[in-house]
Amino acid sequence: MISKINFVKMHGLGNDFVIVNKRDLLSSYDLSQLAKNMADRHTGIGCDQFIIYEEHNDFYEMIIYNIDGSSAKLCGNATRCLAKLIYLDTGKKDITVMVCNKKLLCNVEDENNISVNVGSVSFNEAWMPSRDKIWELAERYMIDLKETICVDIGNPHLVIFSKLEPQDQKIVGEKLQAKELFADGVNVNFAEVKDNKIYLSVWERGVGFTLACGSGACGSFAAGLKLGFIHAPSMVVFKHGILTMKEENGNIIMQGSAKLVAQGEYYYEQ
């Protein structure tokens with residue numbers, strides 16, 4: 001049986017998403033498989049992550065799938081994209097998005113400036129692999145563990161401030177997904193600080209390298225503040241643009257753009 005699914009494709013600084021309203025999905029769909037099909041850049045629409053949203057009385061629920069069909073707990077760029085989509089559909093400027101019971105407060109200042117308050121973060125040293133497990137990797141790629149920190153921003157991030165070459169970043173990002181290091185995988189952030197700005201590349205679990213990562217920007221900003229490498233406000237720089245970062249009463253707030261790319265119908269064969 002072939003069915004039609006309405007979709008919107010958007011991106012935040014090149015980090016791209018296929019977004020669908022839950023009301024357009026049949027209960028019989030295998031959502032993990034649907035995510036893999038629609039995310040495929042050759043046989044589907046193509047995206048970094050597949051987003052399902054549902055309207056409730058005073059908030060919007062967002063469900064995130066990676067391209068491998070696994071679920072994700074947070075995505076900052078997708079949140080900005082969804083907030084803009086809701087704004088374009090309804091005119092609402094203040095929007096609450098819920099992801100895995102985490103409340104994200106969004107404000108659409110205009111079509112090119114959407115802010116997201118992701119709340120507070122925690123620095124969970126219990127996530128960090130024991131020194132003997134990670135020492136060989138750190139030594140081989142000259143990673144200073146004193147400048148490496150785990151951040152929980154709703155999803156797990158490891159922020160590395162040591163400078164690595166791009167080819168080494170890929171190797172390290174892959175190796176850190178080993179279950180004996182991080183049981184559920186981890187998002188790996190390679191951060192370099194210049195003039196109070198963080199230049200960032202992120203290996204996202206279940207995806208690989210993406211052109212930008214909003215939650216990674218928030219986690220790296222928080223890590224930079226904690227380690228004294230930057231002060232607020234600051235900016236996180238990606239290949240296709242920047243996110244402006246600030247801290248208010250212990251909450252991390254990012255601001256950036258979100259772009260509408262296309263909308264249409266996807267033909268899904270079960």
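Cβ atoms here come from the backbone N, Cα and C positions, even for glycine.
Not measured: the values here are computed from a predicted model.
Annotated in Swiss-Prot:
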type     : residues                                                                          : note
BINDING  : Asn15, Gln49, Asn66, Gly76, Asn77, Asn155, Asn187, Glu204, Arg205, Gly214, Ser215 : substrate binding site
ACT_SITE : Cys75                                                                             : active site, proton donor
ACT_SITE : Cys213                                                                            : active site, proton acceptor
Inquiry  = Assuming the binding residues for substrate are exactly those in the record, Asn15, Gln49, Asn66, Gly76, Asn77, Asn155, Asn187, Glu204, Arg205, Gly214, Ser215, what is the maximum CA-CA distance in angstrom, rounded?
reply    = 17
Note = The correct three-state DSSP answer for Ser215 (substrate binding site) is helix
Query = Given the binding-site residues Asn15, Asn66, Asn77, Asn187, which one's Cβ is surrounded by the fewest other Cβ atoms within 10 Å?
reply = Asn66
Message = Around the substrate site formed by Asn15, Gln49, Asn66, Gly76, Asn77, Asn155, Asn187, Glu204, Arg205, Gly214, Ser215, which additional residues qualify by having Cβ within 8 Å of the site's Cβ center?
response = Asp48, Ile64, Ala72, Leu74, Cys75, Ala78, Val202, Val207, Thr210, Cys213, Gly216
Query = If you measure Asn187 (substrate binding site) to Cys213 (active site, proton acceptor) at Cα, how many Å is it?
reply = 10
Remark   = Asn15 (substrate binding site) falls, by three-state DSSP, under strand
Request  = Could you find out if DSSP has Arg205 (substrate binding site) as helix, strand or coil?
outcome  = coil
Note = Within 10 Å of Cys213 (active site, proton acceptor) (Cα basis), scanning binding-site residues Asn15, Asn66, Asn77, Arg205, I find Asn15, Asn77
Note = Within 10 angstroms of the C-beta of Ser215 (substrate binding site), the count of other C-beta atoms across all shown chains comes to 31
Message = Same chain only, sequence gap of 6 or more: which residues have a CB within under 8 Å of the CB of Cys75 (active site, proton donor)?
response = Phe17, Gln49, Ile51, Ile64, Val99, Gly214, Ser215
